[in-house]
Amino acid sequence: MWLQVTNCSTLHSSLSYCGANTLSDMAKNLILWLVIAVVLMSVFQSFGPSDSAGRQVDYTTFVREIGQDQIREARFNEREITVFKRDNTRYVTYLPVFNDQKLLDDLINANVKVLGTPPEEPSLLASIFISWFPMLLLIGVWVFFMRQMQGGGGGKGAMSFGKSKARMMSEDQIKTTFADVAGCDEAKEDVKELVDYLRDPSRFQKLGGKIPTGILLVGPPGTGKTLLAKAIAGEAKVPFFTISGSDFVEMFVGVGASRVRDMFEQAKKAAPCIIFIDEIDAVGRQRGAGVGGGHDEREQTLNQMLVEMDGFEGNEGVIVIAATNRPDVLDPALLRPGRFDRQVVVGLPDVRGREQILKVHMRKVPLEGDVEPSLIARGTPGFSGADLANLVNEAALFAARGNKRVVSMQEFELAKDKIMMGAERKSMVMSEDQKESTAYHEAGHAIIGRLVPDHDPVYKVSIIPRGRALGVTMYLPEKDRISHSREFLESMLSSLYGGRLAEELIYGVDKVSTGASNDIERATDIARKMVTQWGFSEKMGPVLYADDEGEVFLGRSVTQTKHMSDDTARAIDMEIRALIDRNYERAREILAQNMDIMHAMKDALMKYETIDAAQIDDLMARKSEIRAPKGWGDTDDVMKSSPTTSESAPEAKTESAPEAKAEANVETEEKPVAADSEELKPKAEQAPKEDDKPQA
């Protein structure tokens, strides 16, 4: 509690300090504008006509009153006459002409006291002020606005585009430590000596060693690269400059290089310190071949960064940490020793790492006694740190939605299903024909997945619409897969076609829907890579036939070259077709031999809508009684499975919109679940979930 009060008071004092500074700046600006307004009003008033005392009377009345002996005194001030009457009233009139001698004679003859006022001569100071004030005023206004535009006093003005946007955080502002970072022990070990150097540089210097001037954190999104950089700064207790790679380049030429110079100048003044550049691939992308002409502002920014990091002048005490998930596109000059001496890979966590990450995020969540982080970690292969944080948060939201005080294992299961398979769309109404067709489709995926060798176990099958999917077959690996065998990949090809084949066997070739479009796309991609990249074709051999997919703006080449002849490309297409046909026929034979299981699984899906691994085990064992899923129902705990045959298969006639299905199938590849290494193959060759929708 004391720590919370201290933090709150610190926050309150910080807010009060910021508020006081803001009010002080506002008061200064207000006073300045008031002074300018008063001076301008004084000047305009001095040049404008002055107000005269008394009322104004026409000259004719004045002459007539002289003859009537009503005037006692007349005071002349150039053409203005102030008249005092004998009844002690006064008024003002003006001479129509100068030097009216007759008027003076009439006034003297009428015994009127005549007074003259000498002309007012301005003082020397007033003359100088009147002469120079307009120019001084213009200069002052120009200086004021230039200071405002340039962000005078540390502000962000319109002319401050050449200044660095890096935010400096002092050691007191960074509370993150290595205790808050879990699941990347090797990466923490790599950067701990950096912290030791910042704490005690002499220990390294007396042995002639130099600390790396730059560290590049490499890894997939969500693995904690930015968090690790903050932990380094929090442990080292040094100033920490943070900036994004996209903050350097803007609309003006030369801004990026100017900001790089300004950032390193600020860092040198605060040395020893850390500069953290997030998403450095935005500015550090490999320099191109100059196609298209013109001036590449990003390249000039990169050149300036190369010079600042290791150029003619050293940056003693300034350590640059950068993070990226695209190290392949960075310029080689940026990655050489002397700039980024060390590359630290922050990969996806393994089972133990996921358990540690879950424990970190569960600190702030009240948990039921049945929650086991180790079980959750084993059931979430391929999850990054950000995914696990989202999992804990979703579980807490499920518990709050149910007005619970603690989060149980049930909420974590619901959260995992939502993340891996999508949110349930309970409001969507499907016809019985659509549900039945979807059930057969998903049953085909599940049966093939259970019967082919070296395939990930089937975790759950559902015909509840989730996200943009109408049906889901989820595979969950038993362990983290570092690489994939040929047997596993061919089993994936067979299981991907299981849904289409189930529809074909039940409804006939003419009634097959477009729901398998994404299955076909993914299977074709896997087969093509097996032939052209991974050497799994005896005819083509272990040769790389992949096309050059690098663009010129990523550097290295101006034109793309063709790596194969037309005959070779034709042979590759034939090998891909043969590979797919072989596994397609294998899947057909498996389903044809297990039609009774497919009908039983369809009936279970129609009743329960979602079945798990335990029910699938009962179905595959052809048991007469099938266990109900967890949390199911009030009435029957078991369902009597009625034996059905292919003759009794319904003749469901369903039409579907290809556009809707194609859009829905995009969602099937969002969560690969069998990947924990940088050497892993792309999404298509990982063990993915099968949320392919036969109907839309």
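Glycine too: its Cβ is placed from the backbone N, Cα and C atoms.
Given the structure is predicted, the values throughout are model-derived calculations rather than measurements.
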Of Asp370, Asp510, Asp519, which one shares the Zn(2+) site with His441, His445 in Swiss-Prot?
Asp519
Any idea what the Cα distance is from His441 (Zn(2+) binding site) over to Pro221 (ATP binding site), rounded to a whole Å?
33
Tally every other Cβ atom lying within 10 Å of the Cβ atom of Gly219 (ATP binding site).
23
Most isolated by CB count within 10 A, of the binding-site residues Lys225, His441, His445, is Lys225
Segment confidence, the topological domain 'Periplasmic' (51-124), expressed as mean pLDDT:
81
Of the recorded positions Glu442, His445, Asp519, which one sits closest to Gly222 (ATP binding site) when you measure Cα to Cα?
Asp519
Cβ neighbours within 10 Å, counted over all protein chains: which one of the binding-site residues Thr223, Thr226 has the most?
Thr223
Going by Cα-Cα distance, pick out whichever of the recorded positions Glu442, His445, Asp519 is nearest to Thr223 (ATP binding site).
Asp519
Closest of Glu442, His445, Asp519 to Pro221 (ATP binding site), Cα positions, recorded positions only:
Asp519
